[in-house]
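Feature annotations, courtesy of Swiss-Prot:
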type	residues	note
DOMAIN	56-131	domain 'RBD'
ZN_FING	138-184	zinc finger
BINDING	His139, Cys165, Cys168, Cys184	Zn(2+) 1 binding site
COMPBIAS	241-252	compositional bias 'Low complexity'
COMPBIAS	253-262	compositional bias 'Polar residues'
COMPBIAS	275-285	compositional bias 'Basic and acidic residues'
COMPBIAS	286-302	compositional bias 'Low complexity'
DOMAIN	349-609	domain 'Protein kinase'
BINDING	Ile355, Gly356, Ser357, Gly358, Ser359, Phe360, Gly361, Thr362, Val363, Lys375	ATP binding site
MOD_RES	Arg563	symmetric dimethylarginine
Amino acid sequence: MEHIQGAWKTISNGFGFKDTVFDGTSCISPTIVQQFGYQRRASDDGKLTDPSKTSNTIRVFLPNKQRTVVNVRNGMSLHDCLMKALKVRGLQPECCAVFRLLHEHKGKKARLDWNTDAASLIGEELQVDFLDHVPLTTHNFARKTFLKLAFCDICQKFLLNGFRCQTCGYKFHEHCSTKVPTMCVDWSNIRQLLLFPNSTVGDGGVPALPSLTMRRMRESVSRIPPGSQHRYSTPHAFTFSASSPSSEGSLSQRQRSTSTPNVHMVSATLPVDSRMIEDAIRSHSESGSPSALSSSPNNLSPTGWSQPKTPAPAQRERAPGSSTQEKNKIRPRGQRDSSYYWEIEASEVMLSTRIGSGSFGTVYKGKWHGDVAVKILKVVDPTPEQFQAFRNEVAVLRKTRHVNILLFMGYMTKDNLAIVTQWCEGSSLYKHLHVQETKFQMFQLIDIARQTAQGMDYLHAKNIIHRDMKSNNIFLHEGLTVKIGDFGLATVKSRWSGSQQVEQPTGSILWMAPEVIRMQDNNPFSFQSDVYSYGIVLYELMTGELPYSHINNRDQIIFMVGRGYASPDLSKLYKNCPKAMKRLVADCVKKVKEERPLFPQILSSIELLQHSLPKINRSASEPSLHRAAHTEDINACTLTTSPRLPVF
């Protein structure tokens with residue numbers, strides 16, 4: 001017993017185990033001696049013994065309410081001790097900060113350097129927190145039925161009913177919820193980190209970010225390393241508990257059945273993929289010379305991350321006993337500009353033959369998931385104002401869906417601005433009327449006029465002014481289906497003086513309205529100017545000729561039409577042209593734009609005209625053999641005796 005009391009006195013004084021305690025010839029077994037360090041016996045000063053003081057360990061509180069105990073060896077730094085514990089959780093020391101908890105000052109902590117000798121911290125309690133500039137995001141799970149073919153990102157099996165994160169797109173079965181990575185990659189913040197590796201700190205601690213074109217953005221985003229299984233998955237996935245106490249606070253989601261796990265409650269606040277952060281930090285450290293670049297700090301947080309809708313968050317304190325309201329708070333996901341998804345890489349489109357060129361660009365036939373038409377616009381070195389105006393118009397064009405409108409498929413910005421539309425196998429109306437001289441029936445001409453008016457009525461309902469309406473931009477697709485192309489794009493069809501858009505008469509003069517030629521208004525293009533151009537198209541349909549064919553001087557046409565001295569000769573209309581169509585042509589080409597009808601009225605007039613045309617209705621009775629061309633060659637006996645032929 002004397003040996004036991006001596007050993008215990010040594011332990012309680014804080015000097016640790018001595019070799020004589022284990023090497024002695026005492027009858028006490030080593031197992032019993034090792035258990036003395038865990039006995040709760042007070043020392044002479046009345047304090048309890050800390051078991052970590054008696055061994056080379058450090059207790060560490062990690063993010064997300066996790067903790068661990070690490071062993072310390074001589075010569076190891078904090079970075080070496082905590083590397084493994086952080087790696088298995090998908091963390092990087094470069095993204096975190098380590099603190100020593102000051103128990104003598106409750107709630108306070110002192111930051112430590114990662115190169116600190118770990119041996120000097122034996123028995124202490126440490127805490128690891130995220131750095132403020134690391135983009136954090138939480139999963140936003142929602143139950144979803146996948147109507148299209150989908151597979152679970154965890155087990156790679158077919159997925160019909162499951163869950164999907166609305167932020168990162170991770171999808172999984174219900175029984176795979178415990179294997180979902182806790183890291184939700186916020187790609188809007190990752191793109192900011194990769195776009196601005198050379199950002200410098202400006203006034204007020206806000207990084208000054210350079211202005212980029214879409215081409216540089218596309219090249220920057222292409223540096224994102226691909227994931228292993230899922231495009232948003234992280235390589236450091238680990239399992240976590242799928243249960244959460246009800247006292248943690250309720251989310252702003254509907255209450256789900258208690259028989260299924262509420263996977264939305266398993267949201268974890270962790271940084272993005274460690275490999276992406278590592279690459280971004282490496283590229284940031286390799287880029288040397290800082291340069292002061294101009295940027296608007298209104299939309300930036302103190303760490304430089306774009307936050308268009310939410311204010312900059314306050315500095316986070318992640319003490320072990322902190323409240324969980326902030327952790328359960330749903331973070332709004334960053335919204336990407338939807339026009340981003342309509343941009344096509346120039347390397348994906350293969351141009352083949354040159355179809356033709358016009359006032360605003362050159363059209364090529366190309367291949368992009370099938371035959372497409374690529375119109376390379378005549379815009380050299382677009383200014384930022386032109387580029388933004390072009391993107392704004394593309395945002396309008398991509399919403400057009402109509403049977404009589406060419407389908408907009410995307411746009412390109414590399415090297416040149418270009419528009420990609422569907423390919424029409426047929427020829428343009430101009431080629432049919434004036435080159436091939438196709439002979440159409442009157443009801444066919446009226447139907448072409450109706451479809452054209454129907455497509456223009458749709459464009460005007462979308463507040464899109466064509467600005468270049470003519471027979472060259474009307475295509476007959478698969479028979480007599482009208483497709484209107486080359487609409488909108490006021491950015492390309494206007495002249496720019498510096499950063500200001502200046503209107504000028506561009507396009508084909510034969511289809512120009514008089515007010516457009518005169519250019520007395522700042523913006524002469526209107527719905528009525530499109531109606532005048534449509535009236536010239538009607539004139540082409542009903543005469544088979546171009547207007548002013550007797551005038552060979554272009555400047556003379558501009559002068560006479562602009563002054564109101566010349567107008568299309570309506571006496572050349574076909575003799576079998578209905579009177580209603582003649583009146584419509586005359587109304588559309590009136591010199592005063594306020595007197596011209598709009599397309600809803602035009603479409604209604606043509607539809608009434610179509611209904612009034614005489615039609616030969618086909619008989620609904622059964623076919624008769626008497627209508628055969630050579631009924632005398634049919635053997636009546638064969639008809640009555642052959643079992644294979646029907647008898648009428």
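The backbone N, Cα and C atoms fix where each Cβ goes, glycine too.
Features recorded in Swiss-Prot, as mapped to the structure shown.
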residue	record	contacts (Cβ under 8 Å, 6+ apart)
Ile355	ATP binding site	Val363, Tyr364, Lys365, Ala373
Ser357	ATP binding site	Val363
Arg563	symmetric dimethylarginine	none
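Calculated from their C-alpha atoms, the gap between Gly361 (ATP binding site) and Cys168 (Zn(2+) 1 binding site) amounts to 39 Å. Taking each Cβ in turn and tallying the other Cβ atoms within 10 Å, the top scorer among the binding-site residues Cys165, Val363 is Cys165.
Secondary structure counts, DSSP: the zinc finger (138-184) has 6 helix, 14 strand, 27 coil.
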